[in-house]
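Student: I grabbed these lines from TrEMBL:
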DOMAIN    115-257  domain 'Alpha/beta hydrolase fold-3'
ACT_SITE  Ser193  active site
DOMAIN    311-380  domain 'Alpha/beta hydrolase fold-3'
ACT_SITE  Asp347  active site
ACT_SITE  His377  active site
Amino acid sequence: MWVLALIFLAADCVFSLGVTLWVICSQFFIVHIPAAVGHPVKLRVLHCIFQLLVTWGMIFEKLRICSMPQFIRFVHDLPPLKYDPDVVVTDFRFGTIPVKLYQPKASTCALKPGIVYYHGGGGALGSLKTHHGICSRLCKESDSVVLAVGYRQLPKHKFPVPIRDCLVATIHFLKSLDAHGVDPARVVVCGDSLGGGIATVVCQKLVDRPDLPRIRAQILIYASLQALDLQTPSFQQSRNIPLLNWSFACYCFPQYLDFSSSWQEVIMKGAHLPAKVWEKYRKWLGPENIPERFKKRGYRPIPPEPVNEAAYLEVSVVLDVMCSPLIAEDDVVSQLPETCIVSCEYDALRDDSLLYKKRLEDLGVPVTWHHMKDGFHGVLTTIDMSFFHFPCSTRILNALVHFIKGL
């Protein structure tokens, strides 16, 4: 019996070693690490660990043990949280939606700014725990009350469930500002990646709510703002750059929007939407709206192919403004509050920020823009990762704090 056990143990070790070696080797053949990120070796190691988690998650998903997102979220949430003695953290729920409230410990009678934070992760990753360090530091350094929303995620909950959860939690918060010592004239919505997209959707949904305090500003950190065009200059330039590469985007994108991943090639060719749709939104999505300096690094315009009607019927959800807030009508976008946008050079979603910045400015909305020339998608989450900390994450946080203090 013990011989059989040893055989199984040896086989397991060999398999695990094989998976690890495959992930490491693939890094050098597929993944591109730009030297300009400042710490290329550190990013390669970080992405290698992340890709190892993704690979094991996919293996467990194939074996029907658990889904890939569940496995990665489980591992990400294992480290104990670090609590700042100057920040009071309270866990509770708005109805069934879990939230974390961060309040400066120093007592004062003055009302403080309120920040509602929506974490990123493509609807698959991220949690209240992964963004605890960001929210805690944002609370302390900007002297604000921060509410982090723990919305429901994949695999059970797809679009638009996360957006509805965030909208409901935000309305709850807006109706209880007095209880938390928040100034109703200084409420900010903020998010990174998918959370940035959610932040602007919440803003758009609440512009016509006179019964609620008006949102003072929105902060969008490398936000996901449109799902129509996946052949933007930044998608082409950063398709093999961590942490949001093409393969991971192609997992999250159809999973979150609940359509078949078999349409990947059709979407790449732009054949998932008819010509009339491309023509309608070209005024907002066309590459001519992106400054030329962002198109110099390996961009090739790809005209959309004739529409695949079957794909269009399944994928047309991308035209929902809750999925693609960048294409909301002018009468909505023009009413949005002052905006702070953070974009990163080595990010597939960079051009979403550039396109939305132009739309807002064209409609007279004040925009503060910070572009991180050494940044990559997800860099802000490294702010409390010790060895894997990137200086760019601190610069982003400092920019947010400065913006909030200036409101």
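In case you wondered, yes, glycine gets a Cβ from its N, Cα and C as well.
Looking at the shown structure, can you explain where the listed features end up?
Tutor: Mean pLDDT across the domain 'Alpha/beta hydrolase fold-3' (115-257) comes to 96 in this model.
For Ser193 (active site), applying a Cβ distance below 8 Å and a minimum sequence separation of six or more within one chain yields Gly120, Gly121, Gly122, Gly126, Ile221, Tyr222, Ala223, Ser224, Leu244, Leu349, His377, Gly378.
Note: Asp347 (active site) has non-local neighbours Tyr222, Ser234, Ser238, Ile241, Leu244, Gly375, Phe376, His377, i.e. same-chain residues 6+ apart with C-beta under 8 A of its own C-beta.
For His377 (active site), the number of other Cβ atoms no farther than 10 Å from its own Cβ, over all displayed protein chains, is 26.
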Student: Using DSSP, how many residues of the domain 'Alpha/beta hydrolase fold-3' (115-257) fall into helix, strand and coil, respectively?
Tutor: 59 helix, 25 strand, 59 coil
